[in-house]
Amino acid sequence: MAHFKPELLEQLIEVRGASGNEENIRDFILDYIEKNKKSWKSEVTIHSGEGFQDAIVLIFGKPKTAVFAHIDTIGFTTAYDFNLIKIGGPKTIDGMKLVGSDSQGEIETELMIIEDDEGHKSLKYVFDREIDRGTDLTFKPNFNLTEQYVQTPYLDNRLGVLNALTIAEDLENGAIVFSTYEEHGGGSVGFLGRFLYDKYNVHQALISDITWVTEGVQHGGGVAISMRDKAVPRKSFLNRIIAIAKENDIQFQLEVESAGGSDGSMLQDTDLPFDWCFIGAPEDNVHSPTEKVFLSDIEAMMELYGVLMKELN
Amino acid sequence: MAHFKPELLEQLIEVRGASGNEENIRDFILDYIEKNKKSWKSEVTIHSGEGFQDAIVLIFGKPKTAVFAHIDTIGFTTAYDFNLIKIGGPKTIDGMKLVGSDSQGEIETELMIIEDDEGHKSLKYVFDREIDRGTDLTFKPNFNLTEQYVQTPYLDNRLGVLNALTIAEDLENGAIVFSTYEEHGGGSVGFLGRFLYDKYNVHQALISDITWVTEGVQHGGGVAISMRDKAVPRKSFLNRIIAIAKENDIQFQLEVESAGGSDGSMLQDTDLPFDWCFIGAPEDNVHSPTEKVFLSDIEAMMELYGVLMKELN
Amino acid sequence: MAHFKPELLEQLIEVRGASGNEENIRDFILDYIEKNKKSWKSEVTIHSGEGFQDAIVLIFGKPKTAVFAHIDTIGFTTAYDFNLIKIGGPKTIDGMKLVGSDSQGEIETELMIIEDDEGHKSLKYVFDREIDRGTDLTFKPNFNLTEQYVQTPYLDNRLGVLNALTIAEDLENGAIVFSTYEEHGGGSVGFLGRFLYDKYNVHQALISDITWVTEGVQHGGGVAISMRDKAVPRKSFLNRIIAIAKENDIQFQLEVESAGGSDGSMLQDTDLPFDWCFIGAPEDNVHSPTEKVFLSDIEAMMELYGVLMKELN
């Protein structure tokens, strides 16, 4: 049985990859797969490169269901006059540390929130020179592991990626998709879904991503199965997943939210008949540098994915 | 000539089917088709099941044009602590009756609107126990028929479905699509359109749905042909439809709105070159339990669809 | 080397074509191509008509990259009681001149902005009779050319169309797409991209459109290469384009914005792995009848497209 690998998680978090700029994290994952696939239970076929942008698809055996884990992160783009523009929806906290690199080298800077007389806020970076226009800045890694939880930027979605890489070890039949652009309007799930559907007739998806601690979903309560967010997954697929979780005595929590989206809602917007379900551990301090997830919820997440990928494939 | 069937309409309204949960209404329609198709003028090919989610496609002869009628309804999802989350955009009226079922059985409950000190409203259900998380609740059926009009929940879009089932009786060439998810962000029109386009080269669509009584579109004025809502259909297709309506002396009204969407706007968002036009009777009290449509407008709607499906196929 | 043709620009601006109603401008462009293609360097294959709505695709040699130029414009639809509804996002200025035609003939009218007691604005047209419902009105052409700049309605995007027609003269390999519906929610880029991808394996796009003069992008500063707007193009494709612009000593400016969209963001929303980049001259008085672009920026735009279509094909 596969387990949580904090070292690999820390490495994944070190690699930068804001939406639209996933080349490095793509290469890291491809390299990891090359080095580790010989120890995996089944043979894997790897699809990447031309026609896949910076995304990756792994195929094991005869797949019926795909795990989608997005490899991009939130961040900021540098604009004119020390301004910053958001990539996705990062929280902004005065003084938060950001890193990146441009034509002049490595950058470590801080975010500054400036409010004018009418209360309009603008985001600036504090640096002794102007950074090249269009440079990506991301949260500075800061990895904290205790016996109970892990706290660091980008658990969303390095943890979803870790989950996908972990279930790859034992997978006999199934697909794993490392998608891009999830945090910023989407853009890869369409062609990835199309590839899976046309080539393998796959039209079931599990969204390996991180959700929110809320009134109804709490730390230590197990992996969250989302019954809906802004989008509504198909009830019959949801019921099958919940039944499998129950039969296998996995600790889970049912989530019901009115807002939020994921690769699941993007799949629903495609011209493809995909059933999908978001399944992930809940985190606190969402989209901030101090995202926090309980280890027991990560274990439950991995356990549920292991079982589902057996029974749905 | 096919006519309005109030009994079938009442039966369609009795069957629950909030967006994402269209299995029962799908089965009802499939069952109706099985029982009635032998009396139809032409042979029908039925596509449903795997690859169609809970949608249905009917093919008659050599189709060039498809009628889209969505089979889902608006409603609510039960969340934590007696809260309700909207499915689509239902009107909310204190005390309105909602029905559903969960693991403990049938439910009849009432909506309560709670306003806090700052004016924020939350929606709750009034019940002697918590309903299972993620349970769908829909308006309690309440069917009223007079000589002039019909008034009941879910004329939108059981009436559009009835229209589609009615024109099926005489159809020689054409497609009929029973789509899902229309009320909540869409999700089936893409793959349904793709199926029609790839397999039958169909790329014209008539949206069989219900619109609003407004300043420019009134009860008893005939079926509304929408020249635009939020989306703008292609003018040349629109002009053809209006010309056919005129030539055939059908009572119609031209609608021009700035807001609203339908399976038509969803089709426009696909990767398919579909021309589409929304054509439907106007209703009052939209998205409430007292939706009201005049019978003469229903007859005009059926008449126009009958003529259009002849001339556009 | 191809150069700016003000006469052709003026002709393009005379032809009406609000989103959804691009038949006339489509016919004008097809006619222009027929008359001029024999003087072009390479042979062209023209795709239009059934399955293309009012869009056009030109194929030269073996294309790897497509230029997208939208042929629709912003405007207004006439509604009930002298009201106007926007098509796309036109600026509204009291007294601005609008033109169109309906069943009773040619129309020249003026926009009137009416504000009620609560500050709600409505848009009306001033005319001695009601115009047919659903009639399109567009800005009255008013072409002004100086030695430094051109100022007229609809530089966005008749200038992008002119650019595309101009680079066609020397193009050996590449695709040119005249798209529709860009100003109003999109709708043709999906099937056009699908056609290019399926039939020619094209998955790179340059968006030939007009952008905004801002703090960071100015008149006379050269063609703008957009590093992002609301959408974020793929960094690796962007970097290639910037490198080519530098190597060829073309005057360009880097744009970084938080808002705005184009055929590029529409392509990103498709189920296709398209890389795209928005490249266009900047204009002042965006979406008004007095759009203004500097001639040197138009020349830089044409020069950059010429170079890019060589090196990316």
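Every residue, even glycine, has its Cβ placed from backbone N, Cα and C.
In this structure, B:Glu182 (active site, proton acceptor) is part of a helix by DSSP. If you look up TrEMBL, you'll see B:Glu182 marked as active site, proton acceptor.
Feature annotation from TrEMBL assigns Zn(2+) 1 binding site to B:His70, B:Asp156. A helical conformation is recorded for B:Asp156 (Zn(2+) 1 binding site) in the three-state DSSP classification. Of all the Cβ atoms in the protein chains shown, 24 others lie within 10 Å of the Cβ of B:Asp156 (Zn(2+) 1 binding site).
Here TrEMBL flags B:Asp156, B:Glu183, B:His287 as Zn(2+) 2 binding site.
When the C-alpha distances from B:Glu182 (active site, proton acceptor) to the binding-site residues B:His70, B:Asp156, B:His287 are tabulated, the minimum falls on B:His70.
Each of the recorded positions B:Glu182, B:Glu183 was scored by how many other Cβ atoms lie within 10 Å of its Cβ, and the smallest score goes to B:Glu183. Rounded to a whole number, the distance between the Cα atoms of B:His70 (Zn(2+) 1 binding site) and B:His287 (Zn(2+) 2 binding site) is 14 Å. For the binding-site residues B:His70, B:His287, the ranking by surrounding Cβ atoms (within 10 Å, all protein chains) places B:His70 first. B:Asp156 (Zn(2+) 1 binding site) sits 10 Å from B:Glu183 (Zn(2+) 2 binding site), taking the Cα positions as reference. A gap of 8 Å separates the Cα atoms of B:His70 (Zn(2+) 1 binding site) and B:Glu183 (Zn(2+) 2 binding site). Same-chain residues that are not part of B:Asp156, B:Glu183, B:His287 yet have a Cβ within 8 Å of the Cβ center of the Zn(2+) 2 site turn out to be B:Thr73, B:Ile74, B:Gly88, B:Gly89, B:Pro90, B:Tyr154, B:Asn157, B:Val286.
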